[in-house]
Amino acid sequence: MTTNTVTLQTAHIVSLGDIEEAKASIKPFIRRTPLIKSMYLSQNITKGNVYLKLENMQFTGSFKFRGASNKINHLSDEQKAKGIIGASAGNHAQGVALTAKLLGIDATIVMPETAPIAKQNATKGYGAKVILKGKNFNETRLYMEELAKENGMTIVHPYDDKFVMAGQGTIGLEILDDIWNVNTVIVPVGGGGLIAGIATALKSFNPSIHIIGVQAENVHGMAESFYKRALTEHREDSTIADGCDVKVPGEKTYEVVKHLVDEFILVSEEEIEHAMQDLMQRAKIITEGAGALPTAAILSGKIDKKWLEGKNVVALVSGGNVDLTRVSGVIEHGLNIADTSKGVVG
């Protein structure tokens with residue numbers, strides 16, 4: 001592969017070379033996740049070939065392990081000795097914690113007070129020190145930055161970092177290895193590290209691949225920034241897609257997204273829940289809200305058919321770290337809707 005004129009615009013931030021280097025760097029740590037075809041989404045919904053990239057089966061249950069391990073691998077011995085710190089709603093936290101454990105590095109993770117219990121416990125289980133601070137990610141991040149400065153620790157940013165983006169971009173290389181003629185790729189978006197990395201990998205190979213970012217209607221800072229062509233804050237309420245609850249995207253990720261992503265789709269909380277239910281019932285996949293965003297976009301009918309019908313489509317299931325109480329609530333809600341529908345129809 002060679003970098004083309006499209007990706008040259010963002011090569012100073014993250015390049016195909018960075019991603020290929022990341023692939024070699026993290027190979028001993030990560031799992032190459034499967035890509036499976038969804039017969040229901042293919043035959044019943046899109047009339048195309050829809051594949052699910054299962055990053056919920058990655059170590060730590062999320063794609064975040066890729067970026068975290070690549071970043072930490074590139075730290076100096078002095079930085080590793082002083083310890084690392086990160087701010088995360090949970091998935092990045094686990095990626096940092098596990099990598100730190102494997103490399104024998106002290107790790108501190110600051111999480112929002114609303115972080116799911118499952119993600120808190122998993123992070124602690126990998127040996128990291130967990131501090132709960134802040135009602136949203138931005139408050140958490142500010143506190144984390146204070147601690148880092150006070151203690152001389154190196155920050156492992158969850159998305160706005162070249163090495164993190166490159167690590168996430170290895171997913172794009174795996175997609176191309178499995179489906180070289182992919183037409184459309186649908187990616188969940190929070191701070192933008194995942195879609196920036198994947199878009200760089202894919203567009204370096206074929207600029208005509210259509211890349212769609214998906215965010216929740218309640219929190220969509222990147223989509224707002226994309227269409228206003230300037231960094232913009234947006235958060236109306238919390239979202240079941242807590243892994244993407246980032247109201248202000250990264251400066252670096254935004255620059256990549258601005259040039260390489262083609263469009264954004266916004267989905268409601270109900271549409272996200274429906275997608276989680278559908279993935280459980282039809283594909284036997286348990287996913288967190290963020291991981292269901294691409295499927296929600298497909299099921300919602302908001303994506304133009306020309307990007308789906310007769311096309312090879314990949315929808316990324318980015319993670320599966322969800323509390324069982326949340327899963328049971330989603331199932332119960334779905335059953336209640338079904339019962340109500342039966343009552344109306346019957």
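Any Cβ shown, glycine's included, is placed from N, Cα and C.
In Swiss-Prot this protein carries:
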BINDING   F59, T60, Q94, G125, Y126, N321  AMP binding site
MOD_RES   K64  N6-(pyridoxal phosphate)lysine
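Location within the structure of each feature annotated in Swiss-Prot.
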residue	record	Cβ neighbours (10 Å)
F59	AMP binding site	17
T60	AMP binding site	29
K64	N6-(pyridoxal phosphate)lysine	31
Q94	AMP binding site	29
G125	AMP binding site	12
Y126	AMP binding site	20
N321	AMP binding site	26
Study note, to complete from the structure: Whole-number Å distance separating the Cα atoms of Q94 (AMP binding site) and the residue listed as 'N6-(pyridoxal phosphate)lysine' is 8
Revision key, fill the gap. Around the recorded AMP site (F59, T60, Q94, G125, Y126, N321), other residues with Cβ within 8 Å of the Cβ centre, ordered by sequence, are G61, S62, F65, G95, A97, L98, A122, T123
Practice item. Can you grab the distance from N321 (AMP binding site) over to K64 (N6-(pyridoxal phosphate)lysine)? Cα atoms, rounded to a whole Å. Key: 11
Check your understanding: Measuring Cα to Cα, how many angstrom lie between G125 (AMP binding site) and K64 (N6-(pyridoxal phosphate)lysine)?
Key -> 17
Review point. Taking F59, T60, Q94, G125, Y126, N321 as the record's AMP-binding set, what's the max Cα pairwise distance in Å, rounded to a whole number?
Key: 15
Point to revise | Cα separation, Y126 (AMP binding site) to the residue listed as 'N6-(pyridoxal phosphate)lysine' (Å, whole number) | key: 15
